[in-house]
């Protein structure tokens, strides 16, 4: 090893810094292109023919897509609510378990995260097949519950663990019953986490395609499934317009609520 | 569900210890039941059923007839299917490698920014992460179309002359995969790197380590848990993807995910689809085990 000063580190660091910036730009180029091309006054997506909002008009008239949007919204609403409620109760219950029980329970709760989603879908389909259940809104909701519940649990568990147990004890000392403590202490303190969990679960459900492929029935085509089948015949400017609205939807969700919770889920704690 | 889970407790004095413990248990059980039963009924039992179905015979209507056969597995040893598994593993490995490399570079850079900037930059990475998966995929159809933006750029640079047919192709499919999983890989690496004391790298540098050694001898071993998590979060889902190869790869070079969907929806052969799913599950468990031992060996070597 030669005796080196600080200088040799500079050039590789500059290179990696530019590479990192390049990667972040790379993450945005496709998204920006979708947004720009959605305002393209042409029947072909990639040939620019001037600014126009006509594809948004076409989109608003597309009854098939609107019906699919409705299904997705319904499924997202129900599954996000169920997942968040399930996550909240699980978090409260796990606080009452011993370390062993907690480990076992959280292990099974997060199991769906490490199993390929397609296997989860196939597995659910096997159950529905055995029960001779007809595929529809119910099976879709159950499928989406499987993929959203671990995320809800992640968010709510993290926030619940950060709660000061003294607050609950103080409420009990002041004569609050369990239900009152739940309603007046636990839920208000977790309000942000619950909102974040709900929004994230809704987004996951709304964009889900793998699970939906196996759990949707005739007449319950979700938006992604509909778009996927449209894309197989070719990309149209109308789909770009829809994509732009979905990008906007992402912005609203992320900026609107729960950035801190989201950060906590993605990279661990959310102290800063 | 909510009210029965936590009925109001009597306010007057603590209950008798024995009854109190039983009640405590009952409440705990009631709280855990919704999530626990969901996982049991919608994940664990279904997985057992898939394994069972993978040994069953198909009926004429795309359902399960019952019985016991190994034919579904022996049929998967057909070269056509073996090729799919081999291609999937290769593609997933390559995608994981690229995502880890770029993920580490971005995380390292990110961790070196001032704290305030880090939050903002992280937000920048979260936005594409939460953007609809399909949108992120069909965005590449826009970009790579003949005469599209990328084509225009390469024309201007003189690399291509006129419309180029980049899509569908294996390359396009791969770019789509990297694009889809890169943010997923960044988060766990950044999360661990953020916990590493930056003075360790500086100390190594002061003690004479070059740039390469600072990373390979000091930082990378410390970020290993994050790299491992990122590898799993990239490798496993890549095997199950089916949308990207169809839309960007033209459906020619299929991944295991495509195979499973095709077996279920087009061939209407549920038992064989179940067998392919079980193979995917086994591949996943095997890759977790391989990554785990690799990490263990590395740890022993460095310590």
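Just so you know, glycine gets a Cβ as well, placed from its N, Cα and C.
Under the heading transmembrane segment, TrEMBL lists B:26-49, B:84-111, B:120-141, B:172-193, B:227-248, B:274-295. The domain 'ABC transmembrane type-1' annotation in TrEMBL covers B:85-291.
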Is the transmembrane segment (B:84-111) in contact with the transmembrane segment (B:172-193), using three or more Cβ pairs under 8 angstroms as the rule and ignoring pairs under 6 apart in sequence?
yes
Sequence-distant residues near the transmembrane segment (B:274-295) by C-beta distance (under 8 Å, 6 or more away from its ends) are 47, 50-51, 53-56, 72-73, 75-76, 81, 85, 89, 224, 228, 231-232, 235-236, 239-240, 256, 259-260, 263
Residues outside the transmembrane segment (B:227-248) whose C-beta sits under 8 Å from one of its C-beta atoms, at least 6 past its ends, are 88-89, 91-93, 95-96, 99-100, 103-104, 133-134, 137-138, 140-141, 144, 167-169, 172-173, 175-177, 180-181, 184-189, 192, 220, 254-258, 260-261, 280, 283-284, 287-288, 291-292, 295
